[in-house]
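Right, one structure below, let's go through it.
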Amino acid sequence: MTNLRKTHPLMKIVNHSFIDLPAPSNISAWWNFGSLLGICLVIQILTGLFLAMHYTSDTLTAFSSVAHICRDVNYGWLIRNLHANGASMFFMCLFLHVGRGIYYGSYLYKETWNIGVILLLTVMATAFVGYVLPWGQMSFWGATVITNLLSAIPYVGTTLAEWIWGGFAVDKATLTRFFAFHFILPFIITALVIVHLLFLHETGSNNPSGINPDSDKIPFHPYYTIKDALGLMFLLLTLLLLALFSPDSLGDPDNFSPANPLNTPPHIKPEWYFLFAYAILRSIPNKLGGVLALLASILILLVIPFLHTANQRSMMFRPISQTLFWILSANLITLTWIGGQPVEQPFIIIGQLASILYFLLILVLMPLAGLFENYMLKPKW
């Protein structure tokens with residue numbers, strides 16, 4: 001009798017995706033982040049669903065309803081802490097996943113990569129509207145500052161901003177629609193994840209060497225299910241340590257005060273995972289220029305496949321490109337630090353230099369390094 005998982009129409013899909021899937025035998029722990037992101041998404045949807053059962057999206061009661069969840073709902077404090085810190089874990093895994101893609105040349109699977117960039121943008125949009133929901137000071141002013149950037153668009157900007165707000169400023173209508181967006185977007189993300197996997201399974205996974213792995217494949221189960229389970233243990237351990245021992249360390253103290261349109265916080269800043277883009281936005285003194293730089297900082301990922309000049313796919317055997325990659329990583333950490341600092345010297349100039357270096361590395365230096373490495377590998381006799 002044939003195994004049910006190989007004959008049943010639904011089980012067959014699961015089997016081909018997670019059990020009998022041929023996977024390269026040499027993929028490292030850097031390939032764990034895809035499954036970890038899937039787990040993060042499930043955690044966020046489940047905790048978010050329970051939070052939505054007790055939350056009210058009204059300017060008068062939103063802040064109180066979050067306090068009520070933490071004080072009166074059974075394990076409400078835990079659900080909220082898991083949801084808030086789960087977002088940080090989600091972005092940590094996302095950044096590492098994208099970094100892995102750049103380092104090992106996974107971006108050459110263009111369809112998978114492009115869907116991935118769309119996923120990144122959608123997750124960022126979801127996190128932004130979600131941060132507004134507790135209706136604390138930083139929620140309100142963060143929403144005001146970021147939505148106000150739309151007004152920099154020539155001719156239609158102000159109309160567009162007011163259309164998003166549902167009035168002449170961030171208010172009740174804005175909060176209600178942001179809650180609606182925050183509820184629906186994770187399901188759109190889930191659909192995009194399925195498309196992402198669909199494209200990935202058309203080509204199969206890349207591997208650290210960047211060489212075609214077809215001659216040496218192993219079944220996904222049990223080898224990589226066990227490996228992913230280990231990654232999951234580390235993820236859950238980190239998330240629980242964060243949520244149980246230091247739940248507010250990544251948040252902003254201003255968000256413990258209810259939103260007050262008459263009192264501006266001294267330093268308006270987003271959550272840590274947006275700080276690198278916020279630093280790039282602030283490094284340009286012109287409003288429209290800043291908005292364009294902000295968009296470019298993420299959308300630049302779409303042009304990376306077209307800037308691949310090296311004869312080798314992976315950076316595994318390309319020391320110059322490796323050096324530039326780690327400079328880029330350090331540069332992003334610098335931008336994250338600058339994004340959280342006040343707008344004064346020396347932070348302004350450091351932010352501007354780091355922003356220039358960010359674009360210079362991706363658009364100029366890394367493609368040149370690829371060409372130089374090709375030249376170095378050519379026989380000279």
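Heads up, residue numbers simply count up from 1 along the chain you see.
Cβ atoms here come from the backbone N, Cα and C positions, even for glycine.
Worth saying up front: this structure is predicted, and the values here are computed from it rather than measured.
Listed in Swiss-Prot:
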{"type": "BINDING", "residues": "His83, His182", "note": "heme b b562 binding site"}
{"type": "BINDING", "residues": "His97, His196", "note": "heme b b566 binding site"}
{"type": "BINDING", "residues": "His201", "note": "ubiquinone binding site"}
{"type": "TRANSMEM", "residues": "33-53", "note": "transmembrane segment"}
{"type": "TRANSMEM", "residues": "77-98", "note": "transmembrane segment"}
{"type": "TRANSMEM", "residues": "113-133", "note": "transmembrane segment"}
{"type": "TRANSMEM", "residues": "178-198", "note": "transmembrane segment"}
{"type": "TRANSMEM", "residues": "226-246", "note": "transmembrane segment"}
{"type": "TRANSMEM", "residues": "288-308", "note": "transmembrane segment"}
{"type": "TRANSMEM", "residues": "320-340", "note": "transmembrane segment"}
{"type": "TRANSMEM", "residues": "347-367", "note": "transmembrane segment"}
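Closest by Cα distance to His182 (heme b b562 binding site), from the binding-site residues His97, His196, His201, is His196. His97 (heme b b566 binding site) sits 17 Å from the residue listed as 'ubiquinone binding site', taking the C-alpha atoms as the reference points. Take the transmembrane segment (33-53) and the stretches 77-98, 113-133, 178-198, 226-246, 347-367: counting Cβ pairs under 8 Å, 77-98 has the most. Calculated from their C-alpha atoms, the gap between His201 (ubiquinone binding site) and His83 (heme b b562 binding site) amounts to 30 Å. Against the transmembrane segment (113-133), the recorded stretches 77-98, 178-198, 288-308, 320-340, 347-367 differ in Cβ pairs under 8 Å, and the greatest number is found for 178-198. Recorded stretches compared: 77-98, 178-198, 226-246, 320-340, 347-367; the one with the most Cβ pairs under 8 Å to the transmembrane segment (288-308) is 347-367.
In this view, the residue listed as 'ubiquinone binding site' is surrounded by 14 other Cβ atoms within 10 Å of its Cβ, with every protein chain counted. Listed by sequence, the residues of this chain that lie at least six past the ends of the transmembrane segment (320-340) yet keep a Cβ under 8 A from its Cβ atoms are 95, 99, 102-103, 269-270, 272, 274-280, 282, 310, 347, 350-351, 354-355, 357-358, 361-362, 365-366, 369-370, 372-373.
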